[in-house]
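In TrEMBL this protein carries:
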type: ACT_SITE; residues: D21; note: active site
type: ACT_SITE; residues: D206; note: active site
type: DISULFID; residues: C34-C39; note: disulfide bond
type: DISULFID; residues: C197-C201; note: disulfide bond
type: DISULFID; residues: C239-C276; note: disulfide bond
type: DOMAIN; residues: 3-317; note: domain 'Peptidase A1'
Amino acid sequence: MEYFGQISIGTPPQNFTVVFDTGSSNLWVPSVYCVSKACAGHAKFHPTQSSTYQVIGTPFSIQYGTGSLTGLIGSDQVAVEGLTVSNQQFAESISEPGKAFLDAEFDGILGLAYPSLAVDGVTPVFDNMMAQNLVELPLFSVYMSTNPESPLGGELLFGGFDTSRFTGTLNWVPVTQQGYWQIQLDNIQVGGTVTFCADGCQAIVDTGTSLIAGPTKEVKQLQNYIGAVPVDGEYAVECSNLNAMPDVTFTINGLPYTLSSQAYTLMEEGGGETFCLSGFQGNDIPPPAGPLWILGDVFIRQFYSVFDRGNNRVGLAPAVP
């Protein structure tokens, strides 16, 4: 499952479907001048059709875990659910090489990490929201539904949080480095035994990553512990074994965040049969940024997440299913 939302750019508004990504800080959408195959079948921005558009013209290039793109920077108004940000710089993608964005259900990406991560020193959308007094509080929060049948896939709230979406109180965890939404993990337990990260390690809370990722060597061991085996570059488990598989617990700020096997596996349909995939993947982020664990959507689905720029902290609480 992936999570997208609608934004519009320009006057009159041109609509785009974007991933709201706490793991990057730039906004980009395909340009009408994009010639890559990946741009076909996606909404494209027409600068000449917007009366509020301004040319900036700085070259832009960004690399994600799964793909790269190049383009130019422009400026225009950007509307997200009734909040209109003026003079927002964004990238118009002219080349999207490779397959990463070819079959994507989204047109572009709206980054929600810290300004230090922004390519070309562009001010991120949420920073402009704060500067232009569009949000009540300098924070935003994310709810992701666990139910694929639900008409509401999830909720992104700018300027507040929704107490009906979580139980108990938020556990506030300090951001350790202001780039990604990076926090300290105390340890990772498998079946109640501390197995990884015994002396603490760094993790990022990343809405733009589907799974939970960690250093390849450790994730390989983790797959082994839960009984997952490699199949076509992913790890699969026997669906019939789910009940016997151990819990995986991330201890954060002294509190346990436990994922049951139902929570950390993904059921996929294909070729007339149901199979179960592990929600963990190996990903080595080199120093100085890494090594990092990445708490992606598999984690966020279980735990409502508040991203507080005013106090540089992340709030976590069990999500209401």
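In case you wondered, yes, glycine gets a Cβ from its N, Cα and C as well.
Location within the structure of each feature annotated in TrEMBL.
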residue : record         : DSSP class
D21     : active site    : strand
C34     : disulfide bond : coil
C39     : disulfide bond : helix
C197    : disulfide bond : coil
D206    : active site    : coil
C239    : disulfide bond : helix
C276    : disulfide bond : strand
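Taking CA atoms as the reference points, C197 (disulfide bond) and C276 (disulfide bond) are 26 Å apart. The average pLDDT computed over the domain 'Peptidase A1' (3-317) stands at 95. Take the CB of C34 (disulfide bond) and look out to 10 A: across all protein chains shown you find 22 other CB atoms. Of the listed active-site residues D21, D206, the Cβ environment within 10 Å is emptiest of other Cβ atoms at D21. Between the alpha carbons (Cα) of C39 (disulfide bond) and D206 (active site) lies a span of roughly 25 Å. Shown are the disulfide-bonded residues C39, C197, C201, C239, C276; of these, the residue with the fewest other Cβ atoms within 10 Å is C239.
Nearest in space to C276 (disulfide bond), taking C-alpha to C-alpha distance over the recorded positions D21, C201, D206, is D206. Checking the recorded positions (D21, C34, C239) against D206 (active site) with a 10 Å Cα-Cα cut-off leaves D21.
A straight line from the CA of C201 (disulfide bond) to the CA of C34 (disulfide bond) spans 41 Å.
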